[in-house]
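Annotated features in TrEMBL:
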- B:5-225: domain 'CobQ/CobB/MinD/ParA nucleotide binding' (DOMAIN)
- B:11, B:12, B:13, B:14, B:15, B:16, B:17, B:18: ATP binding site (BINDING)
Ligand SMILES: Nc1ncnc2c1ncn2[C@@H]1O[C@H](COP(=O)(O)OP(=O)(O)OP(=O)(O)O)[C@@H](O)[C@H]1O
Ligand SMILES: [Mg+2]
């Protein structure tokens, strides 16, 4: 058989999205440093998508260059720009970034595939113009989610009736309920629902995230460790309390 | 109908081949016609543990490539009636096993045998996936330490998503076999306990094989340790075979054994 050099596949993976609201060089750098210091491991070499859609006013070429340079210096890997106006097109290209349309994210069901991504959303873009929330039945998983597996409940809640192992990842657009030990990562409200919660029988998670905000294992160990607990968002911080 | 049982682990060197040889021998001792297949292409080991390396003429890959018939390649065990070995190839071509080829061989074996034991190579890649693809049941071999348990967790995930059974909407029946268990080191918190591993993996426990010098001795002699019925490892494997056949047998050798006064005096082990 002839040697096959490659195969092309479509795939979906999680990346950190930075929604840019405002820019001044000093403030931006300070805030970026602060954010990264909250979870240096998490951000190290994370792929990053710059979302310019929410930016107020007009971003200049040199400002975009500064932003990308600062992100690279801090160890992030900007890979694409979303929502950049036509006037920034050549700057984006010159920076070696891909241009993504500002439309809503396409999501693909990634159930039971080995996790390729190490990063999760820092701030997932909320769906533009979410109208009538149609009823969507929850996704129910009855078997353990094992290390290397990923389960995503798109547009609904996720119920896992067994353990989520270390190295496994469960994601939902809605709430996540886990009726076994949670030892892996649980990310609720991944499309930006700040009311989403994570409930579990036994909290031993590596990471819990809601609408892009997250807490890591070290912090969780101080809160309800190995107890029945739920996590919810209050302002910009995740609260964990016993249930 | 033959039962196909894969012996798998993810992590290497945890005791898959030792276990495949012991369980296959144990099933044959109980009167079931059994064949044990070495899927570890390039690193064949099973024939050594079974003590038949000098009788290997053709191998699994020869059969798949139709260079030999199954009957030419299979080796009849000298000690245990009803037991056959299909050795792996020494070829370095890792892609020598094809899915269709493996299926044909298994289909043919299923006509004659009651149990087909597949000794998987280490890892979670293609070789290991090939060994588990057609399995009805899986013996997941785990050592009581964190990295081995994590790898077992991964391989169980693959069993339940990438096997033929899983693709058809069924499940591969899982058995946990904890090997190289050392109660002293568990007591000293240097190793995970049975309860810890069961808690993490949530798979029914088939057996606990203690760390034992008898295993090394057996492999040097080319006789599966289950035949050394004086040894704790041999007895633990016998128990595991009984449980595999659905019998209820209490677990043994889990606790630190108190040395007798005389033994302590003489420094016996
Ligand atoms: N219960 C035991 N007590 C002591 N030593 C053991 C025990 N089980 C296995 N061993 C030793 O561990 C080593 C690895 O065993 P074995 O070859 O069966 O592992 P394996 O999982 O098949 O390895 P590989 O991944 O390389 O195929 C051997 O030296 C064997 O003698
Ligand atoms: Mg082996």
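Along the chain as shown, residues are numbered 1 onward.
Positions of Cβ are set from backbone N, Cα and C atoms, glycine also.
The structure displayed is predicted, hence computed values, not measured ones.
Selection of the binding-site residues B:11, B:12, B:15, B:16, B:17, B:18 by a Cβ distance under 6 Å from ligand 2 yields, in sequence order, B:16, B:17. Look at the binding-site residues B:11, B:16 and count other Cβ atoms within 10 Å of each Cβ; B:11 has the fewest.
For residue B:18 (ATP binding site), the same-chain residues that are 6 or more apart in sequence and have a Cβ closer than 8 Å to its Cβ are B:49, B:179, B:215, B:219, B:224, B:225. Residue B:13 (ATP binding site) falls outside any helix or strand according to DSSP and counts as coil. Look at the Cβ of each of the binding-site residues B:12, B:13, B:15 and count the other Cβ atoms within 10 Å; the largest number goes with B:15. Taking a C-beta cut-off of under 8 Å and a sequence gap of six or more, residue B:17 (ATP binding site) has these contacts in its own chain: B:38, B:40, B:45, B:46, B:49, B:119. Counting every protein chain shown, the Cβ of residue B:14 (ATP binding site) has 25 other Cβ atoms within 10 Å. The ATP site, placed at the center of the C-beta atoms of B:11, B:12, B:13, B:14, B:15, B:16, B:17, B:18, has further neighbours from the same chain whose C-beta lies within 8 angstroms: B:9, B:19, B:122, B:141, B:179.
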